[in-house]
Amino acid sequence: MEEAIQKADVLIEALGWIRRFRDKITVIKLGGSVMENPDALRHVLIDIVFMETVGMWPVVVHGGGAAISRAMEAAKIEPRFIHGRRYTDDATLKIVEEVLAGQINEDIAQKIEEIGGRAMNLNFKTTNVLFGEKIQLDSPEGPLDLGNVGHVTRVDRTTIENLCYAGQVPIIPSMAIDEATGQKLNVNADTAANAVAEALGAEKLVFLSDVNGVRTDKNDPSTLVHSLNGEKARAMMTDGRIESGMIPKVEACLQTLDRGVKKIHIIDGRLRHSLLLEIYTNMGVGTEIVH
Ligand SMILES: Nc1ncnc2c1ncn2[C@@H]1O[C@H](COP(=O)(O)OP(=O)(O)O)[C@@H](O)[C@H]1O
Ligand SMILES: CC(=O)N[C@@H](CCC(=O)OP(=O)(O)O)C(=O)O
């Protein structure tokens with residue numbers, strides 16, 4: 001009996017949060033590292049179906065870096081990264097489209113349906129919602145050409161909101177199309193998630209990664225930083241404590257906070273129900289990025 005009462009208490013604790021987030025958009029970025037772990041992915045998707053069922057509007061933006069690299073290796077193309085972005089020639093772009101906008105995008109939507117939720121995979125074959133342009137990175141040696149790599153300049157907000165309204169979870173791969181040239185572009189999934197959250201004026205943006213958040217020592221989980229502001233983040237990037245895949249995430253988060261997204265969290269997607277704990281309890285899991 002006591003156990004049953006405790007369960008009811010948990011539901012009541014969630015009630016306030018459920019009310020607060022009803023009809024509000026939360027953008028969830030699924031990193032490739034979480035998707036490499038089928039059990040972790042399944043639990044994350046169950047959490048997302050729960051969120052939708054209680055009236056929140058979850059929107060998924062996903063990457064799939066590890067799977068793309070595997071497919072490239074199978075095709076005998078060596079993956080190459082420049083400042084954290086994948087060099088994307090035409091052959092690589094074809095693989096990115098097949099793996100990211102094809103297999104992974106369809107797989108996530110299908111798994112959500114299997115759990116009993118409703119999802120809509122948004123890709124070049126169904127409905128594309130991300131538009132962008134090619135980027136060039138500056139370097140002391142002159143501009144660096146990354147091939148078919150872009151950033152998002154426009155998001156089809158209406159299509160995404162209509163799906164949410166209709167009770168479907170939009171699943172968005174990190175690829176865009178250049179409206180002027182029709183060129184398809186490979187976009188870093190962290191920056192794509194930030195662009196979607198900004199365009200939708202999301203209440204929350206949650207990154208599900210393979211670490212428990214930002215750490216002062218990246219190899220030591222006990223050095224988790226619970227709350228990270230711009231000043232601290234910039235200092236940690238300058239002295240190298242934040243590096244590699246964490247740099248584009250944190251940089252884009254700081255920019256996005258300036259543009260109206262209310263709350264941003266980086267949490268561990270491998271921790272069971274970390275998403276629900278983050279949203280529906282007072283427990284702070286992971287790192288919150290603040291002004
Ligand atoms: N200060 C830091 N704290 C935590 N992780 C860090 C830090 N600096 C670099 N990292 C790296 O960032 C990685 C997460 O980013 P990324 O590789 O882009 O994964 P994903 O896109 O799947 O979330 C971690 O696995 C870790 O190796
Ligand atoms: C331009 C660029 O680098 N695009 C990324 C897109 C996928 C991604 O970002 O996936 P994760 O979130 O799993 O890292 C890539 O090709 O790997």
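Glycine too: its Cβ is placed from the backbone N, Cα and C atoms.
What TrEMBL records for G64, G65, R86, N186 is substrate binding site. Same-chain residues at least 6 positions away in sequence with a Cβ under 8 Å from that of G65 (substrate binding site) are, in sequence order, G31, G32, R86, A189. DSSP assigns G65 (substrate binding site) to a helical segment in the three-state reduction.
Taken from TrEMBL, the feature domain 'Aspartate/glutamate/uridylate kinase' covers 24-268.
In this structure, K29 (site 'Transition state stabilizer') is part of a beta strand by DSSP. As annotated by TrEMBL, site 'Transition state stabilizer' applies to K29 (among others).
TrEMBL lists K249 (among others) with the feature site 'Transition state stabilizer'. For K249 (site 'Transition state stabilizer'), applying a Cβ distance below 8 Å and a minimum sequence separation of six or more within one chain yields D190, F207, S209, I266.
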### Query
Hey, how far is G64 (substrate binding site) from K29 (site 'Transition state stabilizer'), Cα to Cα, in Å?
11
### Task
Among the recorded positions K29, R86, point out the residue whose Cβ has the most other Cβ atoms within 10 Å, with all shown protein chains included in the count.
K29
### Query
Distance between K29 (site 'Transition state stabilizer') and N186 (substrate binding site) at the Cα atoms, whole Å?
16
### Task
Please list residues from the chain of N186 (substrate binding site) whose Cβ is under 8 angstroms from its Cβ, counting only those at least six apart in sequence.
R86, T88, T92, L93, V96, L100, N148, V149, G150, S174, M175
### Query
Given the substrate site residues G64, G65, R86, N186, which other residues of that chain have a Cβ within 8 Å of the mean position of their Cβ atoms, reported in sequence order?
G32, G63, I68, S69, V96, L100, S174, N188, A189
